[in-house]
Amino acid sequence: MRVSISWLKQLVQVNESVDDLSERLSMAGFEVDDVDDLSARAQGVVVGNVLEREKHPNADKLSVCKVDVGAQAPIQIVCGASNVRSGIHVPVAMVGATLPAVGLTIKAGELRGVASNGMICSLTELGLTEQSDGIAILDELDESLPPNGSPVAPLLGLDDTVLELAITANRPDGLSMVGIAREVAALTGGSLSLPELDLDPSTSPLTTELDGCFYTITRIEGVDGSKPSPTWLQQRLERGGVNSVNAVVDVTNLVMLEQGQPLHAFDADALEQLTGQPVDAKSFAVRSARDGEIFVGLDDQKRTLDSRVQVVTCHDRPVAVAGVMGSLESGVTASTRNIWLESALFAPPRVRHSARALGLRTDASSRFEKGLPVEMTLPCSARASALLSQEFSCSESGRWVGGSGPAEAGPVLLRRSALHQLLGPLDAADGPEDLDDTSIENCLTALGCQLSAHEQGWEVMAPPSRRQDLQREVDLIEEVARLVGFDRFGAHLPDPLEPGALTPRQQAERRLRQLFCATGLQEVTTLSLVPASEQEQRIAISNPLLADTSHLRTNLWEEHLQICVRNLKASQRGCSVFEIGNTYSGSPEAVSQKAVLAGVICGDRRLSTWATSGKPQAPDYFQARGVLTRVMEALQLELSDRRLTDDARLHPGRAATLVLEGRPLGCFGQLHPAMAEELDLPEATYLFELDLARLLDAATRSNRWTPSFKPYPTVPFSERDLAVIVDRSSAATDLIQAIRKAGKPLLEQVELVDRFEGEQLGDNKVSQAFRLRYRGKNETLTDDKIQPVHDKVRAALSKQFQAELRS
C-alpha cells in the first residue's frame, strides 16, 4: 500500500517527521518497505517561460529556445521536442540538476554547435509517466502558475513523500488511506478529519440471483468518458500507484484507495448494444461461470472460464469476473455518457478461487480476498456518485440493493485478569505496575471499538473495518499491547514446559528409516507432482507451472526407477533407494491420500572384492527379499508371501503379495523384463511397496519391536529335515505356519531349505524341504520326546495340504 503523506495529512493530524512516523508504523505492525521522496525527482527543476523559439541552424529536428527562468537574463536551451513553442510555460532542469527517473545530470554544453544551458523536461523525465509525446506544458496542467523560476515540484505534486507499507492478510483496513489515517490517529492521538459519507442512501430492492454476495448497482446519467480527471485526482492516483484513465474510472479508483472498497463502472449504452436488450437493475446477476465461457477482460486478454470462476452477468452474459476485473466490451470509453456503478461484497474464497483459476491478481481482488466490511458497500457507492456529480453535474436515476453479507458479529468479552496475565506489568520508574483501565479503554476506543462495562472487564464491539481481525479476546489484548508499545512491558519467562517426545508411531517411522538405511538403501524424496499418464487416470491440478508437474502421483516407483536410470548412466554399479510418501487417487472432487513405503533395489551389490573374487554380483530374488525380512524382524513383525501374477510392472513368476497379520500389506517382486529392457535397467531390479499406516499400526500395537532380553539356551538343539510334495499353489509360508502351530512347544525354528519341481513329481506338484529345530527348555531332548511332535507335524501337513511325505 502506497501512502501519500500529503494526502494523509488531510485525513489526520500528523506532527511527527516522516522518519518518526515510519518507525511508529513499523513497530505497530505496518512495516515500511520503502520511503519515496518525490521531491528528489524535481530537485533543481523550475518553472520557465519560453520567450522565443527558433529553428536550429544545423539540425532540422532541434529548436533553440530563449527561456525566462526568473534570472536576470533568459537562458538558451536547445530542445528536441516537437511541441515546444514560444509563449508556453515549461519545467526547466537547471545546470547541475539530477533527474533520477532517467539517471541524467544536467550540464552546460553544445548541441550541434549551439550552446545549451539546461533542459526542458517531459513528464517522463520527471518520473510522472512512463511515456510522453513531448515536453510538459504547464499551462495545460494548471491555470494559475507560480512566477518564473519557482520550483516546479508543488505544481506537479512532487512536494510529497510516499510510504510503501507491507499490509498483512489480517489487516484489510490497511489497504485504504482512511484505514491508515485511523491507525495513525490511534498511535499518535492526532485528530481525524475524514470525508463525510452518506451511511444510509435511498435504495430499491434488487431481486435477482446473486450467488451469496451483497450487491448494489447505481444508474448514473450525464458523465463524459472523454474528460480527463482534474490534476489533484491524477496526482493522488499516481502516488497510490494507479494509472489515470479518465474521470469516471479515476473516481472509482480514488474511492478504492481512500475507503478500501473496489468499485466498477459499466458503460450503460454499451451493455444494451452488447446484449441487444434494454438494461435495467434486474438485468444484473451473479453466478458461477459455465465451463467453456469466453471472457475478454479490460487487459484485452481472452480467457476461458470454468465453474470455479464467479461472474457478474447482464442478461446472463458475463460482463465481469466478480471482484477481479470487468470486461473490455462493457468498459468505460471516451464515448461513455451513462454508467451503471457497481459496489459489492463478494465472498473472499470465491474471489480467491476466481483469481487463481485465471492466474489474474488485481488491486480489487487483493482487497476482496482479505475481506471487507459490508457496512461500507453502500456508503462508498454514494461517495463515488457524489464525486462524479461534482465533476460532471451528472444525476442518479436509482440505486438498487440485493443479496446478503456476512452475519453481524457480537461483542467480545475482554477480561481484565486475562490481559494482565498475558502482558504482564509495565516497566515504570517506581517499579512494575499493571496497565490501568483508562489506558486500556483509550486504546480500544481509539481503534473505533465500542465498550460496555462487565464485571470481569469489558464487552467490546469492534468497528466494521476491524471485525474480521478482532474476533477473540487475545486479538483485543494484542491491540492494547501494540498501541501501548510492546517494549514498555517487562520481560517475564513463561511457565516451564515439559520436554516433548515422539509418539509411538513417530518412533516406529523413524526406526523404519534407520533400519532401511542400515541395510544399504538410501532415502530419497521425490515430487508429488507428475505428468499425465496414458496407462492410468491421475488427478489434474489447477494452474500447473509445467506439463511435467500437472497431475498428482499415484505411485512412487516410477520416479524411483528414473533415479536408478540416472545413477546407472552416471557409471554407478547399483542404486537402492526407499521413500516414505503419499500417493493420490480418486477424483478432483474427492481426493484420497494414502501413505506408502516404497523402494527399489537395483544393480550390483557392493561387496568387498574378496567375497566375489573381484567380480560384481547382482542380488537374486531372495537376497533382495531378505532386505524386507531383516527390517521386519527388527520390528518383530512377520510377513508371509502370496504368489502375485497380475501386476503388470512385476515379473509374473517372481512377485509376491506381502501379508501381515492375515491382511495384504503390499507387494514385492522383480521388475518385469519388458519394462527393464525399455528403461535399460538390469534384470536384477526389485520393487516393493507397503501400506505405511497398516505397517505402523502393527509395529506400535504392543511396542513389540522394543528389544527385550532373552536368556541364552543351556541345552543343545536337535534338527530334523522334512520334505513333502504339495500342490504348486501351496505357499511355503502357509506350510511354515502350519509346522510352527503343530510343533509347539518344542519346535524352536523352521526354515525352507529346498524347493524342487520335475516331471517325476506329477503335474502342478512341487517338493518343498524344511529344516526343523527342536529344543527343550531345561533338558536335552531325546528321540522319544521329539518323534511324537515330529509325527504331529507330518500329520498336520497331510491333513491341511494333502501333502505326500518324502522324508
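Count begins at 1; order follows the chain as displayed.
Just so you know, glycine gets a Cβ as well, placed from its N, Cα and C.
For Asp469, Asp475, Glu478, Glu479, the entry in Swiss-Prot reads Mg(2+) binding site, with the evidence type sequence analysis. There are 24 other CB atoms within 10 A of the CB of Glu479 (Mg(2+) binding site), with all protein chains counted.
Residues or ranges marked as domain 'tRNA-binding' by Swiss-Prot: 39-153.
Positions annotated as domain 'B5' by Swiss-Prot: 407-491.
The feature domain 'FDX-ACB' is assigned by Swiss-Prot to 713-806.
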Task = Counting Cβ neighbours within 10 Å across all chains shown, tell me which of the binding-site residues Asp469, Asp475, Glu478 comes out on top.
result = Asp469
Ask   = Mean pLDDT over the domain 'FDX-ACB' (713-806): what is the value?
value = 90
Task = Would you mind pulling the DSSP three-state label for Glu479 (Mg(2+) binding site)?
result = helix
Key: Cβ-centroid neighbours of Mg(2+) site Asp469, Asp475, Glu478, Glu479, 8 Å, sequence order   = Arg466, Leu470, Val474, Leu476, Ile477, Arg482
